[in-house]
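Taken from Swiss-Prot as is:
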type: ACT_SITE; residues: ASP143; note: active site, proton acceptor
type: BINDING; residues: LEU8, GLY9, SER10, GLY11, GLY12, PHE13, GLY14, SER15, VAL16, LYS29; note: ATP binding site
type: DOMAIN; residues: 2-200; note: domain 'Protein kinase'
Amino acid sequence: QLCLLQPLGSGGFGSVYKATYHGATVAVKQVKKSSKNRLASRQSFWAELNVARLQHANVVRVVAASTCAPASQNSLGTIIMEYVGNITLHHVIYGTSDAWRQGEDDEGGCGKKALSMEETVCYSCDIMTGLAFLHSQGIVHLDLKPANVFITEQGVCKIGDFGCSQKLEDGLSQSPQVCQQGGTYTHRAPELLKGERVTA
């Protein structure tokens, strides 16, 4: 049913692969067991599943998940998601992907193609629409940054990587201790930096 094809990337809590699942192209995230912080690894895996039943054009969809893994693998579980490509907003902004390398409209010869006003507005609207939907479902991302916004071949932005997300009850986090597994310090909301509770 599941056949891994090629690695797409890796991060603090796992690796992502391009794969096929029942004949469809998907992305597979294998969440690794952390010898240093098992609780954080477990929290990251379950946080990814906060969006498991949600479907929205601007959110990467979870197709399936499993906690079954061969003993030989150092894995807590596997999450199968829709494949949206390997281009992120980070690649587009900083020109770090071959698909977005210098073009004829390279302004200033800095080695990257500048975003047009139309692209900027489109991407911003996609991200805000995705965030508004997540917040309406009581989910806060807590690690929203350009590297976690994927851009499809059709130019649609999809929010992904929910390893730090929280499901809020009545619009408030249950604990002031948020995102135990990290998140990206330089992209945190001011209320998180102040140690306040998360709200949507």
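Positions of Cβ are set from backbone N, Cα and C atoms, glycine also.
Taking the centroid of the Cβ atoms of LEU8, GLY9, SER10, GLY11, GLY12, PHE13, GLY14, SER15, VAL16, LYS29 as the ATP site, the other same-chain residues with Cβ within 8 Å of it are GLN30. A gap of 19 Å separates the Cα atoms of LEU8 (ATP binding site) and ASP143 (active site, proton acceptor). Counting only same-chain residues six or more apart in sequence, the Cβ atoms lying under 8 angstroms from the Cβ of GLY14 (ATP binding site) belong to LYS29, GLN30, VAL31, LYS32, SER44, SER75. The local packing around VAL16 (ATP binding site), expressed as other Cβ atoms within 10 Å of its Cβ over all shown chains, amounts to 19. Cβ neighbour count for LEU8 (ATP binding site): 16 (other Cβ atoms within 10 Å of its Cβ, all protein chains included).
In the three-state DSSP reading, LEU8 (ATP binding site) counts as strand. Among LEU8, GLY9, SER10, GLY11, GLY12, PHE13, GLY14, SER15, VAL16, LYS29, the residues given in the record as binding ATP, the maximal Cα to Cα distance rounds to 14 Å.
The DSSP secondary structure for ASP143 (active site, proton acceptor) is coil. Geometry remark: SER10 (ATP binding site) versus the residue listed as 'active site, proton acceptor', CA distance 16 Å. With all protein chains in the displayed structure included, the most crowded Cβ environment within 10 Å among the recorded positions SER10, GLY12, ASP143 is that of ASP143. In the predicted model, the domain 'Protein kinase' (2-200) has a mean pLDDT of 83.
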